[in-house]
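Everything below concerns the one structure shown next.
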Amino acid sequence: MGTQAPETYSPAKDDVKTKEEKAIEDWLPINGSRNAKWWYSAFHNVTAMVGAGVLGLPYAMSELGWGPGIAVMILSWIITLYTLWQMVEMHEMVPGKRFDRYHELGQHVFGEKLGLWIVVPQQLVVEVSLNIIYMVTGGQSLKKFHDVICDGKCKDIKLSYFIMIFASVHFFLSQLPNFNSISAVSLAAAIMSISYSTIAWGASLDKGREANVDYDLRATTTPGKVFGVLGGLGDVAFAYSGHNVVLEIQATIPSTPEKPSKHAMWKGALVAYIIVALCYFPVTFVGYWAFGNSVEDNILITLNKPKWLIAAANMMVVVHVIGSYQVYAMPVFDMIESVLVKKLRFSPSLKLRLVSRTSYVAFTMFIGISFPFFGGLLSFFGGLAFAPTTYFLPCIMWLAVYKPKRFGLSWFTNWICIVIGVLLLVLSPIGGLRQIILTAKTYKFYQ
C-alpha cells in the first residue's frame, strides 16, 4: 500500500533494565505471563467486544431505521476489523521492542509526554466507563432473572442490591494477578456471550413479528429523531470497543523473530470477529424485525417468554459481563499498580494489590448504583471515548509511522476511517447526553 517501514530500534542506556525494574515489570499484570496461545486471543477478544453492547443494538436500529442501521452496522464491522489489524501489526513494528500497552504505542508515535496524554485519558475513560456499565448490566440481568423466576410472588428487591451482589464476585476475582490467570473466566464469558446472543435472536424469531410492529424512527418530533440517530450511532460505536485491550492481550502471547506474536494474535482476532458478526447481526436485525421501534434498550427485557429461557439468558449475561469486567479492569489495574510501584515507590506486594483493586471495584460499584442510565450511558461513552480509540487513533498512528504514499489506497483508507471516527466522536455523545438528562428527570437515587 505504499507504506514505509518504521525506523529500527537501537537500545539506549535507559532501556537496559536493572534486576529491580525487571522484577517490577514481571509483577505487573500485563507483563506477568507470556505463554498464551492463539485461542486465548480469540476468546479474550470475544469477551472484550460482545457484551452489554449487543443487547442495545436492536434499540440502536429503532433510532436509525433499516437502511442507515444496516449500513452503519456493516461499515463499523469493516472499519474496526481494519483498525484492529493495524494495532496487531504495530505491536512489534520496531525490531527488538514490544508495545505491550496502548499508551506505549502512543508514546512511540507522539512522543513520551504527548503520547501519554493522548492515549491514557481516553483509554481510562473507555475501560472505567465499561466497568461501570458492566456493573449496571450485571445488576439489571440479576434483577431480571429474579423477577422472571419469581413471577410477582417474591418481594421486590432494589436494583442497587443486585449491583452489590454482582460486585461481590469482583472483589474476589480482581485479585487474580494477570490476563492468563483469568483465561478460564474469559472462556466461560465468551461461551455465554454466544449462547445468550443466540437466545436473544432465536427467541425473537420464534416469537415472530408483532401484529402492529412499527419500523418508523422511534421519536415522533424532528429534534427527537435527530438526537435519536446520534444516540444510535453511539450505541453502535460502543458495541465495537475491544481495541482498548488488544495490545495488552497480545502482550501475553510469546514472540520470537522467527515466529512473531502478530500471527497468533491475528488468527485469534479474526476468529473473534467472525464470532462477533454471528452474534451482532442476527441479534440486531432479527430483534428489530420482531419488535420494531417498541424494543427496549436491552433486548432481553423486551422478551418475556418462554420464561425459563429468558431467565437462563439473563444469567448467561451475568456470567459474561463478569468476564468482560475482568478483561477491561486488568489494564486499569496495571496502570494503578504501575503508578504505585514506579512513581510512588510502594513495594510490590499482595497487600498493595488487595487494597488498590478492592478500592477500584468499590468505586465502579458506587458509580453504577448511583447512575444506572443504561441506554444513555452506552451512546454517550460510545461516541466520547470509544470512537477515537477504536475508529481513528490507530489510523493516525499508522499514517504517522508508516507514512503511506499520499492519495494511495492506504492513505485514502485511513483518512476515511478518521473522518467517520471524528464524526462519531462529535455527534453521538449529544444524543446519549440528552437521553441521560431525560431519564434523570424521573430517576430517584438508590431505588
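Heads up, the Cβ atoms here are built off N, Cα and C, so glycines get one too.
Curation does not apply to TrEMBL; its annotations are automatic.
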TrEMBL annotation (transmembrane segment) - matching range among 182-203, 226-247:
182-203
Within this structure, do the transmembrane segment (380-402) and the transmembrane segment (64-85) have 3 or more Cβ pairs under 8 angstroms, counting pairs 6 or more apart in sequence?
yes
Could you check whether the transmembrane segment (354-374) and the transmembrane segment (157-176) come into contact, where contact means at least 3 Cβ pairs under 8 Å with the two residues of each pair 6 or more apart in sequence?
yes
If I count Cβ-Cβ pairs under 8 A between the transmembrane segment (270-291) and each of 38-57, 157-176, 182-203, 311-333, 380-402, which range comes out on top?
38-57
May I ask which of the stretches 38-57, 157-176, 380-402 has the most CB pairs under 8 A with the transmembrane segment (182-203)?
38-57
